[in-house]
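Asks: Annotations per TrEMBL:
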BINDING   GLY236, ALA237, ALA238, GLY239, SER240, GLY241, LYS242, THR243  ATP binding site
COILED    409-455  coiled coil
DOMAIN    215-624  domain 'UvrD-like helicase ATP-binding'
Amino acid sequence: MSIIDKEREQEQARVDRLTSMIKQRIGYLRERTGGIHGEIVDIRRDFWEDVTVNFEDSAETAETYASMKQQAELLSERERSHRHMKEQLATLERLQASPYFGRIDLVEEGAPAGSEPDQIYLGVGSLLDESGEQYLIYDWRAPVSSLYYDYGPGPVVYKTPEGEVRGEMTLKRQFMIRGGVIKSMFDTGVTIGDELLQEVLGKGSDAAMKSIVATIQQEQNRIIRNDRAKLLIVQGAAGSGKTSAALQRVAYLLYRFRGTLSADQIVLFSPNPMFNSYISTVLPELGEKNMNQTTYLQYLEHRVGRDFEVEDPFVQMEYTLTATGEAGYETRMLGIQAKSSAAYMDLIDAYASRLGHRGLLFKSIMFRGRPLITASAIAEQFYQLDRGVTIPNRLRMLRTWLLKELTRLSKLERKKKWVMDAIELLDNEAYTIAYQELRRKNKFTEQSHDDYESEREFLAAGVVQERFKKLRSRVKRGLFLDMPGIYKALYEPGHVEGNPVGGPAGFTAGEWEAVQADTLGRLEQGLMPYEDATPYCYLKEKLEGFHTHTTVKYVFVDEAQDYSEFQYRYLRRIFPNSRMTLLGDFNQSIFAHSGTGEIFHTLNELFEPEETERITLLRSYRSTKQIVEFAARIIDGGERIEPFNRNGEEPTINRAERPGALPTLIADKLRELSASGFESVAVICKTAEESKILYAKLADQTQGIRLIEKETVTFEKGKVVIPAYLAKGVEFDAVVIADASARVYSRESERKLFYTACTRAMHELHLFHEGELTPFLDTRSGDFS
Ligand SMILES: Nc1ncnc2c1ncn2[C@@H]1O[C@H](COP(=O)(O)OP(=O)(O)OP(=O)(O)O)[C@@H](O)[C@H]1O
């Protein structure tokens with residue numbers, strides 16, 4: 001038997017020992033948790049039987065309390081151990097099939113000469129021996145585990161909460177253990193072996209993202225374990241593992257700050273609802289709860305409320321892609337850019353400070369079809385308040401005044417005829433309650449006339465109070481402020497803040513007037529253009545006071561290149577106590593509001609420079625070498641992207657010879673790909689409109705094909721037709737670019753969209769076109785034939 005075989009035998013024996021121990025513990029814990037669960041049920045059921053309740057005198061009462069307290073403590077102690085055991089059980093169940101994936105041997109500095117190295121095994125949870133003192137498996141997030149990701153054999157150093165530890169790594173070994181059997185095992189240097197990565201990446205894609213803990217690369221580890229930066233900006237090529245690193249980072253932070261950080265103090269902004277479903281299994285797989293996940297649109301909708309319907313960014317996107325040449329297109333584009341800039345935030349600031357002196361609009365408080373307190377009376381009252389006080393505080397003072405006014409007016413109202421009529425219609429029960437209430441208060445005098453009057457007054461007060469309830473609640477919620485009107489006023493003809501020339505800097509008066517008219521037209525219909533939603537929320541909060549999420553400690557923004565400068569500044573304000581991790585790729589910036597995506601590189605003033613760190617990922621793992629090299633030629637600087645060394649078929653370019661032949665050619669290709677065993681295949685179109693048309697043509701030729709639309713919320717395996725911008729962030733075994741003609745992709749703004757589409761493919765990429773091929777493939781290309 002060779003040394004290697006012998007080592008493998010020894011390692012397998014260790015795996016066997018551990019798996020049987022894990023199995024035993026699982027059996028024991030299952031029994032114990034069942035038992036404790038039973039006890040908890042019993043304690044809850046018999047709670048009142050087991051406490052002696054007696055309140056006769058103070059001694060008895062004290063005893064009763066003591067006995068209740070004892071019973072409650074017993075219950076909560078049992079519940080705690082139940083929870084703890086359940087957690088242990090979950091960890092053991094995760095470890096059972098694959099207890100670990102790595103081993104390092106370490107001799108710490110200062111260890112007696114000739115001492116044996118410590119063997120450190122790494123897995124997705126930790127495991128202690130029977131004595132509870134020795135780690136048989138270390139959690140991949142433990143301080144010592146960082147060595148596995150950062151070093152090869154040789155001198156090493158790692159950080160612990162107590163300080164740095166130095167030593168010598170004498171071995172670094174990787175395992176692939178499945179079902180308790182070592183499938184492969186090899187010793188490596190710094191890079192966590194190509195073999196394992198080859199194996200992981202060579203597989204078919206899944207409906208859900210996988211955790212990458214066994215193969216985290218050194219540069220990714222810098223993102224995952226970064227404890228220092230308040231703002232961490234990651235620029236990473238397509239497929240370089242940005243999303244993966246973000247999720248492992250969440251798991252790491254939850255481990256590192258266990259006890260002080262919980263999953264609900266972490267928020268992740270994802271690009272679309274489908275993406276939420278795609279990544280939702282990663283953290284539970286690692287034994288952690290999912291963080292809060294939302295899309296920026298969902299957040300805005302929640303903030304804007306019911307006054308407007310917020311335009312979906314994908315609708316805006318579809319417009320920017322399909323409406324070229326339509327009247328007003330250029331105006332809208334100009335508007336989008338202006339409203340996304342930091343300068344526009346300054347303009348809103350200027351508007352808000354002017355509103356401190358004049359121009360705030362209010363809604364009259366209406367009652368029975370007439371204004372009870374008119375808008376102008378409210379405005380007058382507001383502007384009488386001390387101007388040195390902030391607007392939100394003045395609004396608070398105004399609210400108090402309005403509530404007092406309502407009380408005063410409600411008294412006047414009681415004498416009105418409608419109240420008398422309402423009293424007549426009251427049922428007997430109301431009269432009886434009034435009678436009893438007045439008796440209780442000794443208001444009855446036994447003089448029937450006065451009694452009648454008292455009863456009337458009491459009932460009138462009740463009737464009016466009931467009808468005023470709604471008014472009071474609206475006032476309490478601040479609904480007397482006419483926010484839609486105030487925002488619309490910004491776009492009234494002639495109204496410009498900040499720039500006397502007639503528009504935000506860089507605009508001619510005519511241009512800005514056109515933007516104003518266009519925006520006002522949409523707002524009048526109750527539609528809030530996407531580019532206006534953040535300025536609107538910002539203005540609203542400036543006036544009403546900021547609704548900040550002070551408990552959130554970490555914010556993650558995936559596809560960070562898709563956000564505007566204005567949006568970043570806004571996010572920073574609403575999460576004031578939060579550190580931020582932004583992950584993006586400026587080569588995939590496809591929204592008009594995010595310009596060329598450079599914004600997220602220049603976010604300097606969000607945090608202090610010394611609190612900001614930038615990491616660049618150049619290695620691309622998703623796609624084969626052939627696909628990465630093909631796609632890299634589409635973009636500027638693509639030559640810097642390094643493909644991971646996994647080989648596959650060359651991408652193909654297929655021309656339809658006859659007009660209208662594309663759908664049939666694509667359907668043939670889909671059949672071919674299915675026959676080759678690819679389970680997830682995407683036909684990527686430029687827009688939703690094109691996707692719909694193509695889907696209709698493919699549906700009867702291709703079994704089980706689905707159309708993905710912006711509302712789709714679950715990501716499933718299979719064949720799909722999808723617009724490029726919805727395919728962001730996700731991946732497929734094979735990708736078919738539905739129409740790579742010059743007619744479809746030729747404007748410079750479409751280059752990045754085209755790049756994004758091509759980089760979704762893991763194993764195969766096929767492009768189809770009719771007529772002339774997109775110029776993006778020849779500008780930087782060599783020979784694509
Ligand atoms: N260290 C790694 N080990 C194994 N797989 C990895 C590793 N890093 C990335 N991957 C795989 O590469 C693919 C791309 O990763 P991910 O989606 O996180 O990249 P991304 O940078 O967010 O991509 P994009 O910007 O193109 O959406 C995924 O299948 C992921 O599992």
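Every residue gets a Cβ built from N, Cα and C, even glycine.
On a predicted model such as this, the values are computed, not experimentally measured, just so you know.
Looking at the shown structure, can you explain where the listed features end up?
Replies: The secondary structure of GLY241 (ATP binding site), as reduced to three states from DSSP, is coil rather than helix or strand. For GLY241 (ATP binding site), applying a Cβ distance below 8 Å and a minimum sequence separation of six or more within one chain yields ILE212, GLN217, GLN220, LEU617, TYR621.
Mean pLDDT, taken over the coiled coil (409-455), works out to 74 on the 0 to 100 scale.
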Asks: Measure from the Cβ of GLY239 (ATP binding site) and count the other Cβ atoms within 10 Å, all protein chains considered.
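Replies: Excluding its own Cβ, GLY239 (ATP binding site) sees 27 Cβ atoms within 10 Å.
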Asks: Suppose we screen the binding-site residues ALA237, GLY241, THR243 by Cβ distance to ligand 1 with a cut-off under 6 Å; which survive, in sequence order?
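Replies: List returned for ligand 1: GLY241, THR243.
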Asks: Counting every protein chain present, what is the number of Cβ atoms, excluding its own, within 10 Å of the Cβ of SER240 (ATP binding site)?
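Replies: Taking all protein chains shown, SER240 (ATP binding site) has 26 Cβ neighbours within 10 Å.
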Asks: Identify, among the binding-site residues ALA237, ALA238, the residue whose Cβ has the fewest other Cβ atoms within 10 Å in this structure.
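Replies: The binding-site residues ALA237, ALA238 were compared, and ALA238 has the fewest Cβ atoms within 10 Å.
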Asks: If one looks at the chain holding GLY236 (ATP binding site), which residues at least 6 apart in sequence have a CB under 8 angstroms from its CB?
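Replies: Counting only residues 6 or more apart in sequence, the Cβ neighbours of GLY236 (ATP binding site) under 8 Å are LYS242, LEU583, GLY584, ASP585, THR616, LEU617, LEU618.
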